[in-house]
Amino acid sequence: MKALIILGLVLLSVTVQSKVFERCELARTLKRLGMDGYRGISLANWMCLAKWESGYNTRATNYNPGDRSTDYGIFQINSRYWCNDGKTPGAVNACHLSCSALLQDNIADAVACAKRVVRDPQGIRAWVAWRNRCQNRDVRQYVQGCGV
């Protein structure tokens, strides 16, 4: 019985751990997934966005009480428009995926959804953190020394 309790605690701790990317590790991953120059957006801008939205944390979430939506994952993609979390009223799910897919350590789904977001007229300006922290700023520091 004691072994089952310990096993349960170990499994629980594994499921709640998140991956927080190192800066250059994320830069290389985003480059490999085709983000550098996607829709004219530099890799440095994507890195700045991820830094200020999630701190490079794949499991970051942020509840928005005003519209009862939640932002998910490394890019803080919103459940009102882009994914289905089963609890956001009037959700659109334009990325056609579960919001839990945006919380995975493998960020391929998050990248695919971010690419979908920037195909809309707002582009990268859809992210408030990008507008406040990255727009019209020198963002080269986010990829400096990463060899990308």
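Placement of Cβ uses the backbone N, Cα and C atoms for every residue, glycine included.
Looking at the candidates Cys48, Cys83, Swiss-Prot gives Cys48 as the cysteine bonded to Cys134 by a disulfide. With the fewest other C-beta atoms within 10 Å around its C-beta, Cys24 stands out among the disulfide-bonded residues Cys24, Cys83.
Cys24 (disulfide bond) falls within a helix when secondary structure is assigned with DSSP. If you average pLDDT over the domain 'C-type lysozyme' (19-148) in this model, you get 97.
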